[in-house]
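K.L.:
First the structure, then my questions, so here it is.
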Amino acid sequence: MINSLLTRVFGSRNERQLRQLTRLVTQINALEPTIEKLSDAELQAKTPEFKQRLAAGESLDKILPEAFAVCREASRRVLGMRHYDVQLIGGMVLHLGKIAEMRTGEGKTLVATLPVYLNALQGEGVHVVTVNDYLARRDAAQMGKLYNWLGLSVGVVYPGMPHSDKREAYGSDITYGTNNEFGFDYLRDNMALSRADRYQRTLHYAIVDEVDSILIDEARTPLIISGPADESPELYIRVNRIVPQLTKQESEEGEGDFWVDEKGKQVHLSEAGMGHAEELLLQAGILENAEDGLYAAQNLSVVHHLNAALRAHAIYQRDVDYIVRDGEVVIVDEFTGRTLSGRRWSDGLHQAVEAKEGVPVQRENQTLASITFQNLFRMYKKLSGMTGTADTEAYEFQSIYGLEVVVIPTNRPTVRKDHPDQVFLNRKGKFNAVLADIEDCAKRGQPVLVGTTSIETSEMLSEHLRKAGVKHEVLNAKQHEREATIVANAGQPGAVTIATNMAGRGTDIVLGGSLESEYHALGEDATEDARFKIKTDWQRRHDAVKAAGGLHIIGTERHESRRIDNQLRGRAGRQGDPGSSRFYLSLEDNLMRIFASDWVQKAMRMMGMKEDDVIEDRLVSRQIEKAQRKVEAHNFDIRKNLLDFDDVNNDQRKVIYAQRDELLDAESVKDNVDGIRGDVIYDLVARFVPPNSVDEQWDVKGLEATLESELGVTLSLTDMVRTQEEIDAEQIAAKVQAAVDAHFAEKEAAVGNDTMRALEKHVMLTVLDQGWKEHLAKMDYLRQGIYLRGYAQKQPKQEYKKEAFELFSEMLENVKREVIHLLARVRIRSEEEVAELEEQERLHAQARLMASQFQHQDVGGYGTDEEAAQVQSGNAPVPVSQVTRDEPKVGRNDPCPCGSGKKYKHCHGQLS
């Protein structure tokens, strides 16, 4: 009550911030007459002037009014677009490192030019992050004209571009790209073996377009660079034949072999199902011993494959969760409806789906490097974002990213009519009403956009409309190549467009059709008469559509998130245009079936509702919104939990990447190697000759044998121990140290200082990377089983932190040992020996090629020749992309970032 009273008196925090920023807008507008009088050359000269002022110590905030005024005037001259006052406010919000919520059609792309120009003046690089490559290239091309005119360089990064071009793009003042590309480039940079192979500079400032999609929707999926593991995918094919023989039960207490937890997207075997599955696996020869049981330790791999196959069959649906294209299973993004080429599900799920669909099963992947978007974007010194729908997730933005959401008022009042939801008993009744609404709009010449949650639904509606003779377009992951054309025509009079969520973002639907597209089709050489005719025809269509009520939005199902529903609604009513929206629901929809209260369904059935009967009731709408809030809270918990675990990995990642940076920057790592060698020898001697021990406890022969086998050093210690009475463990350690040092000095003398320094650096980087890769695999296994600690009354997160620290310390010790072992045993060959070895390898390669081309296949027990061929020909996954940030250097006497409480030099700085 007090908060409500204070808000009425002083206004909400959002209103107070807008009032403060409006004062700056007044200053910018006051500068406009002066800026307008400047010639082009004088206006362009402002950029170097601003840079000089910043170098002299002036702040960005101080030059903001003038820089914004310059950018606005340059935009008017170059692009023919002048920023509105509300767009200036949006630009200031972005500069302040906050999220600007701006409705569809308010010109977010133009808004971003203001803070991008201002922050690019510092020369440290600005990243503009978009949701797909098309938008990145489009915006870089369109807005690049403005930035280039103002004297700033612009680059765009995309998958597969040449290394030199990508380095140049990252060296530009402004770089456009997708969140995936920036993230994968960061990971790639931290796998590079030389500075010259790296792309990025420091992570200075990022503006994230459609920030809710990237930082919320995609936060549950970490970016992973992976390589194929050694395990054969054949077991997925064999287990896949068994799953169709298992029976699904309707609930946990029902009869059958397994039940599905749709909320958690998991499948659970019943008691009977375990026995039945065990029997089938024994018959197929997958389980070897009936006495061991399915859950015996040696069968855990089979359980993993069985669970993956059950999820593939019972939960993941073709044309909903994925499509099959050119013999590959391609994931469909549940939030955007776009295909995610190059992305693969983890934990064997992708292989299980491939086996289910009968396409070549690729090998399971091993993680080489990974990071979540949460930890990636939190590394930027300053982060901001813009979207049309952020306010519903304001708490998450604030709690995880420290980003405040500021709602920017529209330039013109929104006049869109949002009609109440209509709820039907079943899907048939719902779709009858949807089809009737579409046909009515088409007859009246009102364009309609029909939003669906799956490809399957969009194609089903398309089939019904085709039979009814209604001309329409379908936009889903299968037709994504035609997206720009379909969206450009979606505002034509009477146009019917059926779309998955992918139509919800990026491109405005203009009433009457896209005038820009028609101008572009004419070409630059078109006469003024031709352009005038196009404009006249468009204006006539535009007015006709406005008279018919503007764009009408039909939602065929509520999404789990209110934000996605709001995005669909937001396609209509842009810039004060008329428009309308309505959602059609049924009790069979996933959201209603899984999350809505049972009493809603019971009440509707008790009322004797028939198939085509409809309910429009606020109480039902409130229940639907309550269900959505439940799902949003559930998904937030998942993302928060992911972050809690990844923060442990992130601390370790920072340590490893900081050490890699030190190694890459160092002229020589000889001091590092010498220090590590001392530690390794001390530990080695202590294994056989413990400190403060008597000679009866010593294993001198074991020490001699280990020195020979692990370090290639022949040293006789037995005689020394036998002949010297006063000898102790320290003297033995000193003798071993001297012998190993001499061995290394001899090796260096043979190959030369420069070669040895290069070899040391290469070995340290290679071994560190291999150790980190193996450590990531161990961390994955630890994480998968950590929840079982809860049964022992232990906190899984605390146990994860503790065991992850132990694994990390063990990994660093192993890296130190491996570096010294490799350097001690490496042999530098002469040029003649190298030539001979290369010739031998060439002959071996030819023999392997002949063997693979003419390999004879043994008769399989259960598989077909086709399935065997699929296993043999599985394509290795294409590695995906990365981003770099130089963290503040950790001093050797500073506390270690891993949280152990030790000094860095005594903990994870030991390699340094």
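Note that Cβ sites are derived from N, Cα and C of the backbone, with glycine treated the same way.
Among the features that Swiss-Prot reports, ATP binding site is placed at Gln87, Gly105, Glu106, Gly107, Lys108, Thr109, Asp508. Annotated region 'Disordered' per Swiss-Prot: 865-912, in sequence order. Here Swiss-Prot flags Cys896, Cys898, Cys907, His908 as Zn(2+) binding site. Taken from Swiss-Prot, the feature compositional bias 'Basic residues' applies to 902-912.
Show me how these features fit into the structure around them.
P.N.:
Within the same chain, residues at least six positions away from Lys108 (ATP binding site) with a Cβ under 8 Å of its Cβ are Gly90, Ala100, Met102, Asp209, Met386, Thr387, Gly388.
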K.L.:
Which has the fewest other Cβ atoms within 10 Å: Gly105, Gly107, the binding-site residues listed?
P.N.:
Gly107
K.L.:
Counting Cβ atoms within 10 Å across all protein chains shown, which of the binding-site residues Gln87, Thr109 comes out on top?
P.N.:
Gln87
K.L.:
Could you state, as a whole number of Å, the largest distance between Cα atoms of any two of Gln87, Gly105, Glu106, Gly107, Lys108, Thr109, Asp508, the listed ATP binders?
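P.N.:
Largest pairwise Cα separation, rounded: 17 Å.
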K.L.:
Could you tell me which of these binding-site residues, Glu106, Asp508, has the greatest number of Cβ atoms within 10 Å of its own Cβ?
P.N.:
Glu106
K.L.:
Taking the center of the Cβ atoms of Gln87, Gly105, Glu106, Gly107, Lys108, Thr109, Asp508 at the recorded ATP site, which other residues in this chain have a Cβ no more than 8 Å from that point?
P.N.:
Met102, Thr104, Leu110, Val111
